[in-house]
Amino acid sequence: MSNSTKIAVIGGGSWATAIVKMLSENLESVGWYMRSVYAIEHIKRNKHNPNYLSSAELNPKQLILSSDINEIVAAYDILIFAIPSAFLKTELEKLTVSLENKTIFSAIKGIVPETGLIVGEHFQQVYNVPLENIGVISGPCHAEEVAMERLSYLTIACQDPAKAKILSKAIAGRYIKTKISDDIVGTEYAAMLKNIYAIAAGIAHGLGYGDNFQAVLMSNAIREMKRYIKKVHRMKRNINNSAYLGDLLVTGYSTFSRNRMFGNMIGKGYTVKSAMMEMSMVAEGYYAVKSAYEIKQKTGTRTPIIDAVYAVLYGGKEAKDQFEKLTNKMN
Ligand SMILES: NC(=O)c1ccc[n+]([C@@H]2O[C@H](COP(=O)([O-])OP(=O)(O)OC[C@H]3O[C@@H](n4cnc5c(N)ncnc54)[C@H](O)[C@@H]3O)[C@@H](O)[C@H]2O)c1
Ligand SMILES: O=P(O)(O)OC[C@H](O)CO
């Protein structure tokens, strides 16, 4: 890996912190934009992000930290975005620097709520970033396990294989293995959808359903995901690969999953507002299900799990009733 590769991470949450840790293993220096001046000063003094993934040790000497997004975007060629999708539009509106000549990798697993676009499409359509300059980082990987240096696999999808290789080399290491893919759109949709299925898994758990039903739910979820992605972007893909099925499983079963945690509270009877207040982290699936539901209405895909989660989170329907109905649609 050339030490001159200039990569910056945009975002200050758990996943941004984990990506900075991975990059720091290979690069001499990493750019990092985060909003919080307090967090920046804390990292410089104490080598840890105070708010997210504080167990990960960081080396401030390697980090070019700034709370000014324009400063970081102007200075770096490759930008990795790891801001929750619900805040992306607002953050990008701070930009005065053009993104047209930048290479953008999205590590975001969601849909931009205001435009209903997956993140790559948002950069392409709203910021004129050419398709060959857009990539995705995905796969079954929790930030918490990166902090613990537990073996994890990431998929780097990009139209331009050369760019995918550069990022892949910058991220791969002792505890990170990378795979390159050309399915940018499918990978992005899968990453967004699995969060909704993890909320469903959490709701089911909260309602008292057991492991037997969870397995049926996940089995139906992967088939629903396959139908959904086929309608929005038809191409040859193996839905059992880690970027699709693997990501669904880690989110659906792991205790680290934000989306499952959120769903579990809903199943136990918390309101959406109180479940959100309980969490210090963002459950992307809450935002995703609204856009996913709207898209599926246009494509006409059969999506009983998305429909049930949507009815509970946005339709004011009782989780118990919706999941009872859902059990009759599973096979
Ligand atoms: N955490 C993981 O293990 C993981 C793994 C893969 C992908 N992702 C994806 O990475 C993205 C970021 O998730 P995360 O887990 O790092 O989130 P997080 O919950 O850990 O952090 C939330 C982030 O949102 C920021 N934020 C909160 N309110 C904001 C506002 N009003 N405006 C702008 N920013 C605001 C916070 O500063 C923080 O940076 C998501 O799309 C997620 O799906 C996360
Ligand atoms: O499992 P969640 O809900 O925390 O989402 C995090 C990542 O997307 C897992 O790959």
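Yeah, the Cβs are placed from backbone N, Cα and C, and that goes for glycine too.
What TrEMBL annotates here:
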DOMAIN    6-162  domain 'Glycerol-3-phosphate dehydrogenase NAD-dependent N-terminal'
BINDING   SER14, TRP15, ARG35, TYR52, LYS109, ALA143, ARG258, VAL282, GLU284  NADPH binding site
BINDING   PHE87, ALA143, ARG258  NAD(+) binding site
BINDING   LYS109, GLY139, LYS194, ASP247, SER257, ARG258, ASN259  sn-glycerol 3-phosphate binding site
BINDING   LYS109, ARG258, ASN259  substrate binding site
DOMAIN    183-321  domain 'Glycerol-3-phosphate dehydrogenase NAD-dependent C-terminal'
ACT_SITE  LYS194  active site, proton acceptor
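Overlay of TrEMBL annotations on the structure.
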| residue | record | Cβ neighbours (10 Å) |
| --- | --- | --- |
| SER14 | NADPH binding site | 25 |
| ARG35 | NADPH binding site | 16 |
| LYS109 | NADPH binding site | 28 |
| GLY139 | sn-glycerol 3-phosphate binding site | 26 |
| ALA143 | NAD(+) binding site | 24 |
| LYS194 | sn-glycerol 3-phosphate binding site | 33 |
| ASP247 | sn-glycerol 3-phosphate binding site | 26 |
| ARG258 | NADPH binding site | 25 |
| ASN259 | sn-glycerol 3-phosphate binding site | 27 |
| GLU284 | NADPH binding site | 26 |
DSSP-derived class (H/G/I helix, E/B strand, else coil) of ARG258 (NADPH binding site): helix
Cα-Cα distance linking LYS194 (sn-glycerol 3-phosphate binding site) and LYS109 (NADPH binding site), given in Å to the nearest integer: 9
Between GLU284 (NADPH binding site) and ASN259 (sn-glycerol 3-phosphate binding site): CA-CA distance (Å): 7
Close-lying binding-site residues around ligand 1 among SER14, PHE87, LYS109, LYS194, ASN259, GLU284, where CB distance stays under 6 Å: SER14, PHE87, LYS109, GLU284
Proximal residue to ALA143 (NAD(+) binding site) among binding-site residues SER14, LYS194, ASP247 (C-alpha distance): SER14
Close-lying binding-site residues around ligand 2 among PHE87, LYS109, ALA143, ARG258, ASN259, where CB distance stays under 6 Å: LYS109, ARG258, ASN259
Structural state of GLY139 (sn-glycerol 3-phosphate binding site), classified by DSSP into three states: coil
Rounded Cα separation (Å) that holds between ARG258 (NADPH binding site) and ASP247 (sn-glycerol 3-phosphate binding site): 13
Residues LYS109, ARG258, ASN259 binding substrate per the record - widest CA separation, whole Å: 12
Residue from SER14, ARG35, GLU284 whose C-alpha is spatially nearest that of ASP247 (sn-glycerol 3-phosphate binding site), among the binding-site residues: GLU284
